[in-house]
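A.B. asks: Pulled the feature table from Swiss-Prot, pasting it below:
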{"type": "BINDING", "residues": "76, 108, 127, 128, 129, 130, 131, 132", "note": "S-adenosyl-L-methionine binding site"}
């Protein structure tokens, strides 16, 4: 199963970018042994000066166009379900075992994800009730994906 993070906005060469790249590399190296690989992080950006719901809808179009066709969508949103790392790993393992080919994690921009995109997702998850900057959410998600594959493979990284 291929896993991709797709987000609105671009990360500059900064500590967050280095952390993201490191966790994606670890995810790919560890996950390959259990049938999970990482696709490059996808970044989309709307150049026109749109506002509010019009901007969110356009960002949703860009996100959907950027992910693999037929990918299962997991949306990150503050209204989503909060899970433990173990439950998240189990979800990833179940999706892999059910034959899912591609899994796309979508992160919205400053206004969040369009409601229609959240409804289209097979799962909506949150990293708590707080709002997080999209730069940090990418790193947090990449780390949790890496943690999930270490849990699934029995690697000692996760100590619960």
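Cβ coordinates are placed from backbone N, Cα and C, and glycine is handled just like the others.
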A.B. asks: For the S-adenosyl-L-methionine site as recorded (76, 108, 127, 128, 129, 130, 131, 132), determine the largest distance between any two Cα atoms, in Å, rounded to the nearest integer.
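C.D. replies: Among the residues the record ties to S-adenosyl-L-methionine, max Cα distance equals 16 Å.
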A.B. asks: Counting every protein chain present, what is the number of Cβ atoms, excluding its own, within 10 Å of the Cβ of residue 129 (S-adenosyl-L-methionine binding site)?
C.D. replies: 8
A.B. asks: Would you identify the secondary structure of residue 127 (S-adenosyl-L-methionine binding site) according to DSSP, in three states?
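C.D. replies: Where residue 127 (S-adenosyl-L-methionine binding site) sits, the three-state DSSP reduction gives coil.
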A.B. asks: Please give me the CB contact count at 10 A for residue 127 (S-adenosyl-L-methionine binding site), counting all chains in the structure.
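C.D. replies: Around the Cβ of residue 127 (S-adenosyl-L-methionine binding site), 17 other Cβ atoms lie within 10 Å.
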A.B. asks: With Cβ-Cβ distance below 8 Å and at least 6 positions apart along the chain, what are the contacts of residue 130 (S-adenosyl-L-methionine binding site)? List them in sequence order.
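C.D. replies: Within the chain, residue 130 (S-adenosyl-L-methionine binding site) has Cβ neighbours under 8 Å at 78.
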A.B. asks: For a quick check of packing: other C-beta atoms within 10 Å of the C-beta of residue 128 (S-adenosyl-L-methionine binding site), how many?
C.D. replies: 9
